[in-house]
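Inspection log for the structure reproduced underneath, given as structure tokens.
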Amino acid sequence: MTKTLVFGHKNPDTDTICSAISYAELKKAQGADIEAVRLGELNSETAFVLDYFQVTAPRLVQTVANEVSEVALVDHNERQQSVDDIDDVTVTAVVDHHRIANFETSDPLYYRAEPVGCTTTILLKMFRENEVEVSKTVAGLMLSAIISDTLLFQSPTCTQEDKVAAQKLAQIADVDIQSYGMEMLKAGADVSKKTVAELLLDAKEFNMNDNKVEIAQINVVDVNDVLSRRAEVEALMTQNIVDKGLDLYLFVITNILTNDSVGIAIGSKTAVVEEAYGVKFVENQAPLKGVVSRKKQVVPILTDTFAK
């Protein structure tokens with residue numbers, strides 16, 4: 001039997017890690033030889049989740065073609081967000097809830113993408129469609145992913161399907177959604193011990209009308225906890241622009257209590273962000289009122305503005 005590795009995007013978040021583990025459990029129950037791995041370090045929120053449910057973190061890998069010939073992707077499809085040697089392996093399956101871009105295969109594959117708030121919402125359907133029982137531990141991980149991606153149902157990406165799935169998973173995991181959810185989000189929003197690199201850990205690269213754009217996001221309970229370190233943050237953002245040849249680096253600092261954000265933008269195309277949101281960046285900083293979702297409120301808007 002051919003072994004498969006399953007993983008989410010680089011700079012993994014809670015959905016990416018929990019989806020990879022959950023997908024692997026589903027496929028193992030069906031007799032597959034599969035292992036969940038990760039493409040980067042865990043953030044503090046995900047570390048809290050794995051510790052809470054006593055789950056070992058997936059193994060960290062830099063490349064995959066040296067181990068397997070087939071892989072499955074969760075929570076992403078764009079090649080620049082995936083493992084560096086993605087072109088050297090065959091993608092046999094994708095389960096995702098993002099836009100489809102920069103993705104093609106030479107062979108048919110299983111591809112499932114739905115416009116929901118979280119990948120594990122889709123995975124719960126797949127467990128049920130295949131009549132595979134969701135364990136208490138996996139239910140906890142899947143619930144955590146939904147809470148994370150929807151900001152405890154406050155994000156505009158959240159759908160009724162996500163809410164229903166979360167209720168079902170909470171029953172299996174035997175946790176209270178509100179109390180556990182706030183504890184989890186606050187664990188991720190504590191930036192007091194984070195390095196500057198960790199502040200920018202949740203970053204994704206996009207191609208927008210032939211422009212290289214990186215968008216990082218962090219959830220906090222007080223944006224000043226990050227803005228007080230703005231000089232360090234901007235220095236690292238600038239270095240990333242040079243190292244990666246980026247046209248724009250946008251850092252979205254989201255207050256999970258007010259559901260607003262502040263943006264820091266650096267690069268030759270910062271004017272695109274100003275046009276997209278009708279704001280003016282002062283010393284690289286501008287308010288992004290009501291913006292909490294990179295997937296729904298940042299990527300599509302910037303993509304459209306770059307295309308003008």
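The backbone N, Cα and C atoms fix where each Cβ goes, and this holds for glycine too.
Listed features, source Swiss-Prot:
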type    : residues            : note
BINDING : H9, D13, D75        : Mn(2+) 1 binding site
BINDING : D15, D75, H97, D149 : Mn(2+) 2 binding site
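Sequence features, as recorded in Swiss-Prot, placed on the structure.
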residue : record                : contacts (Cβ under 8 Å, 6+ apart)
H9      : Mn(2+) 1 binding site : T16, L39, D75, H76, Q81, S82, K204
D13     : Mn(2+) 1 binding site : N43, E45, T46, D75, S148, D149, D202
D15     : Mn(2+) 2 binding site : G8, D75, C118, T119, T120, A145, S148, D149
H97     : Mn(2+) 2 binding site : D75, A113, E114, P115, V116, G117, C118, T119, T121, I122, K295
Additional residues surrounding Mn(2+) 2, by Cβ distance to the D15, D75, H97, D149 centre under 8 Å: G8, D13, T16, S19, D96, H98, G117, C118, T119, T120, A145
Cβ neighbour count within 10 Å of D149 (Mn(2+) 2 binding site): 27
Residues within 8 Å of the H9, D13, D75 Cβ centre (excluding the Mn(2+) 1 site residues themselves): G8, N11, P12, D15, T16, I17, S19, V74, H76, Q81, T119
Coarse DSSP state, helix versus strand versus coil, of D149 (Mn(2+) 2 binding site): helix
Where D15 (Mn(2+) 2 binding site) sits in the secondary structure, as DSSP reduces it to three classes: helix
Number of other Cβ atoms within 10 Å of the Cβ of D75 (Mn(2+) 1 binding site) across all protein chains: 29
